[in-house]
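**Student:** Quick one: the structure is below, questions incoming.
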Amino acid sequence: MLIKIPKKSELSENQVTQESVYLQRRQLLKGMGFIGAGTLLSSALSSKAHGSVFDLFKEEEKPVFTRKALSYSGQAGAENFPEKLTPEGKVISHNNFYEFGAQKHQPAELAQGFKVNPWQLKISGEVDKPVTLDYDRLFSTFALEERIYRLRCVEAWSMVIPWVGFPLAKLLKMAQPNSRAKYVAFETLHDPEQMPGQSSRRLGGGIAYPYVEGLRIDEAMNPLTLMSVGLYGKTLPPQNGAPIRLVVPWKYGFKSIKSIVGIKLLEKEPPTTWNLLAPHEYGFYANVNPGVAHPRWSQASERRITTGGLLARNRIETLMFNGYGEEVADLYKGMDLRKFY
Ligand SMILES: Nc1nc2c(c(=O)[nH]1)N[C@H]1C(S)=C(S)[C@@H](COP(=O)(O)O)O[C@H]1N2
Ligand SMILES: [Mo]
């Protein structure tokens, strides 16, 4: 995620931003016809020899972890979804998961050994019945369903992903929120030994870990809001937030927090990671909104990652609420979405 555009001299302090910055620059130069594919990024990315993002788009390059097939009913049916799915190979190799490095290719490499079992997810706070789910219960407590959603990153790229999971509302209802529960806070695992970005400012993008996120309770209870345990019919790979992550399809991707260990019902709005880091750039609400530009770039359009890789001009218009307005616009009636960005 972009924090600020660094001057060359500041790069060492802003390693985290470099990929996004270079990608932007690259696109600009490419648009101007200055660079060809062969020379792109070779010096721009990390010093690693394999640091070219083009490698990410080779379908045959499959990571080494194993994922087990999930059984679920309620098949979403890709044939009924009007847009092309992003190929699995791209969904699992182009990631934002700063705990495993701030560059898109790093999570798929650095998260390979991540232990997801045993796991504990605790639901606590303003609830009558606190709940703890262990690894097996994540997959067996609620009927799993497939949901095909657009994922729109605040950096202006997007994917279409067939998730497998269950509505967050079912989990929250199990814990029985009380009348003081107005917000829901989420927390990612904090384990610097396993997550190299949590012990290295350079790798981890300067984030104060654990990564935290939040929703208003009515947003959390909306039927679109998904707890995902899989994608493409199999358990999540670590780089996509195994064993369980949130998916909020009408909000920018950073709200969809990964590898969750804690969910807490609260009376007050909880702090959220990107808002803490750059409050004027990333708000609590973070609803996808083509009419409200990020301070440093437009949000009116996005690069859809389908089959074309980085060279294709899959530029499409960004839709209000990422196209989910019918389901969620009512949540924000009377709110100034410029103020509550
Ligand atoms: N814990 C944690 N969750 C996270 C992030 C992160 O860095 N750490 N990145 C977010 C961002 S910016 C995006 S766009 C999505 C990306 O999800 P994906 O890699 O599965 O496509 O995860 C979100 N969840
Ligand atoms: Mo993102």
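Cβ coordinates are placed from backbone N, Cα and C, and glycine is handled just like the others.
Pulled the feature table from TrEMBL, pasting it below:
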BINDING   Asn95, Tyr98, Glu99, Cys153, Thr188, Asn240, Arg245, Ser256, Ile257, Lys258  Mo-molybdopterin binding site
DOMAIN    116-274  domain 'Oxidoreductase molybdopterin-binding'
**Student:** Listed binding-site residues: Thr188, Arg245, Ile257. Which have a CB under 6 angstroms from an atom of ligand 1?
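**Tutor:** Cβ < 6 Å from ligand 1, in sequence order: Thr188, Ile257.
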**Student:** Taking the Cβ of Glu99 (Mo-molybdopterin binding site) as the reference point, list residues of the same chain whose Cβ is under 8 angstroms away and which are at least six residues distant in sequence.
**Tutor:** Pro107, Thr188, Leu189, Met195, Pro196, Gly197, Gln198, Gly204, Tyr209, Tyr211, Lys258, Ser259
**Student:** Including all protein chains displayed, how many Cβ atoms other than that of Thr188 (Mo-molybdopterin binding site) lie within 10 Å of its Cβ?
**Tutor:** 25
**Student:** Between all pairs in Asn95, Tyr98, Glu99, Cys153, Thr188, Asn240, Arg245, Ser256, Ile257, Lys258 (listed as Mo-molybdopterin binders), what's the biggest Cα distance, rounded to the nearest Å?
**Tutor:** 19
**Student:** Give me the non-local Cβ neighbours of Asn95 (Mo-molybdopterin binding site): same chain, 6+ apart in sequence, Cβ-Cβ under 8 Å, ordered along the sequence.
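**Tutor:** Set apart from Asn95 (Mo-molybdopterin binding site) by at least 6 residues yet with Cβ under 8 Å, we have Lys104, Pro107, Ala108, Gln239, Asn240.
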**Student:** Relative to the Cβ of Arg245 (Mo-molybdopterin binding site), which residues of the same chain, six or more apart in sequence, are found under 8 Å away?
**Tutor:** Met227, Ser228, Leu236, Ser256, Ile257, Lys258, Ser259, Ile260
**Student:** Average the per-residue pLDDT over the domain 'Oxidoreductase molybdopterin-binding' (116-274) and send me the rounded value.
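**Tutor:** Mean pLDDT, the domain 'Oxidoreductase molybdopterin-binding' (116-274): 98.
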